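K.L.:
Quick paste from TrEMBL:
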- Arg101, Glu218, Phe265, Glu266, Gln267, Met268, Glu269, Glu372, Thr373, Ser374, Ile375, Gly376: substrate binding site (BINDING)
- 250-252, 260-265, 332-333, 376-379: ATP binding site (BINDING)
- 177-418: domain 'Aminoacyl-transfer RNA synthetases class-II family profile' (DOMAIN)
Amino acid sequence: MAKQEDQFKKVLSHAKEYGYVFQSSEIYDGLSAVYDYAQNGVELKKNIRDYWWKAMVQMHENIVGIDASILMHPTTWKASGHVDAFNDPLIDNKDSKKRYRADVLVEDYCAKIEGKIEKEVKKAAKRFGDAFNKEEFLATNGRVLGYQEKINTILGRLGKSLENEDLADVKALIEELEIADPLTGSKNWTDVKQFNLMFGTKLGASADTAMDLYLRPETAQGIFVNFLNVQKTGRMKIPFGIAQTGKAFRNEIVARQFIFRMREFEQMEMQFFVKPGTQKEWYDTWKETRLKWHLSLGMGADNYRFHDHEKLAHYADAAADIEFKFPFGFKELEGIHSRTDFDLKAHEEHSGKKLQYFDHAENKNYVPYVVETSIGLDRMFLAVFSTSLQEEELENGTTRTVLKLPAVLAPTKAAILPLVKKDGLPEIARKIVDDLKWDFNVSYDEKDAVGRRYRRQDANGTPFCITVDHDTLNDNTVTIRHRDTMEQKRVAISELRDIIKEEVDVKNWLQKM
Ligand code: ATP
């Protein structure tokens, strides 16, 4: 645990020190759970967004994009169920005055029991060595089965109580399990209350005519209300998808895991409209496709797992999360939801307009079913950044901090370094920058000894360093150093573009899908 916390602290300080993420309005002591992306962060974020957009829109003939507004007619949120049901159950600790999500307190309690299971597994693996069969152990070991049953009973009861809006029972559960305030250990709790997560705002200047609006809590509804516009103007045939990236806002109660849970964040969503009855097939397809997208970035298959939902949201007939191993454990990174015809039907009812598709093959109208893929861009950023940040012991006994970002996502692809600031070397280096900048984000760095510059670029995540030295003056060759292997090669200046392209080209990465 301590190791995880240490790693997380390193992630936070590295993100600030190397210009990736700053606290919002830091000079005023910041705003809780709101962050700004800095000069490198904005590039990494853009590259992740582009990587998603290319995979989803450019690579699919039947998926198109839109960019809907953050402000929408308020009835949208009545129809979608957000006004009535977008609530989190919250509980306050009377002694510490801290506020928590009641369901998260119970889930964290269960995560601790899960930790005990993992410990048993580790112990047994050590005892049995090569003969150890994890599946069999999990299915037969008495202690593990006992733990698992306890988790199932607790989560089962929590799920039921939430579904029945029985908040008194959620409090009773917290008390029975003797869950204490994680910060102070106090068990002096208030009742559990529902809290709507939408931010309200007003449209219009005068107090009596102003209209109450919400900042959108998800981007999906902008797609649903435009479904027919896009289908008709784009002459789209089912099955087809509409994709969108953009800001969403949630007044999160517990928001203290850096950019994992923010109050203002960005989503990348795609709604795929299908014929009723085919949704299960498409749900499976999209689960698989999305996981492949993640795996194409080469961050390790062990870092991902599916979590199939047992308790479904009011609009879904199947749902799963792709969970990622963040520095604080496995947590949701992306959701894949089979949303039925809930949203389109609800908008039909509330707007009085038909939102149906005429299927020529079937010769009839119907409201399509929807399979959604929804990923948080900021969570993806954290997944990429935290996994890439590594400390390596080198052969000479020193350590180096290196940000091994997938090269396709790295903010700067190459740094051009003149060995010394004289003898015409800076001029050649500048010329290389001017040439390469048409194709890639590159930078120029002449300050400090070249070894220190290499370390700085490693920590910045730059895949290549290109050093111009005195031999360059004679033979037009430079040294190209690879961030991950630290291997150095002598190559002609004219070869640089192809070498870099090979490593950072989206095509070469997406083709791994
Ligand atoms: P959680 O259970 O963690 O609150 P959720 O199930 O409410 O998430 P969805 O409504 O399914 O999330 O939103 C889709 C995606 O948007 C999530 O998988 C996540 O990556 C991202 N997301 C949701 N809430 C936040 C937030 N407050 N900050 C950053 N990203 C978020």
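Glycine residues also receive a Cβ, built from the backbone N, Cα and C atoms like all the rest.
Unlike curated entries, TrEMBL annotations are predicted automatically.
Can you walk me through where each of these features ends up in the structure?
P.N.:
In sequence order, Glu218, Thr219, Ala220, Ile223, Ala243, Gln244, Thr245, Glu372, Thr373, Ser374, Ile375 are the residues near Glu269 (substrate binding site), counting only same-chain partners six or more apart with C-beta under 8 A. Under DSSP, Glu269 (substrate binding site) is assigned to a strand (E or B) in the three-state scheme.
The 10 Å shell around the Cβ of Leu377 (ATP binding site) contains 20 further Cβ atoms across the protein chains shown.
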K.L.:
Determine, to the nearest whole angstrom, how far the Cα atom of Gln267 (substrate binding site) is from the Cα atom of Leu377 (ATP binding site).
P.N.:
5
K.L.:
Please give me the binding-site residues out of Arg250, Glu252, Leu333, Leu377, Arg379 that lie within 10 Å of Phe265 (substrate binding site), comparing Cα atoms only.
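P.N.:
Arg250, Leu377, Arg379, listed in sequence order.
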K.L.:
Return the member of Arg250, Leu377, Arg379 nearest to Arg101 (substrate binding site) in space, with distance defined Cα to Cα and candidates limited to these binding-site residues.
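P.N.:
Nearest by Cα distance to Arg101 (substrate binding site): Arg250.
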K.L.:
Out of the binding-site residues I have (Arg250, Arg261, Phe265, Glu269), which ones have their Cβ sitting under 6 Å from ligand 1?
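P.N.:
Near ligand 1, sequence order: Arg250, Arg261, Phe265.
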K.L.:
Around Arg250 (ATP binding site), which residues of its chain at least 6 apart sit with Cβ under 8 Å of its Cβ?
P.N.:
Leu197, Met198, Phe199, Pro217, Arg263, Phe265
K.L.:
What residue among the binding-site residues Leu333, Ile375 has the most other CB atoms lying within 10 A of its CB?
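P.N.:
Sorting the candidates by Cβ neighbours within 10 Å, the top entry is Ile375.
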K.L.:
I need the most crowded of these binding-site residues: Gln267, Thr373. Count other C-beta atoms within 10 angstroms of each C-beta and give me the top one.
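P.N.:
Counting every other Cβ within 10 Å of each candidate, the maximum falls on Thr373.
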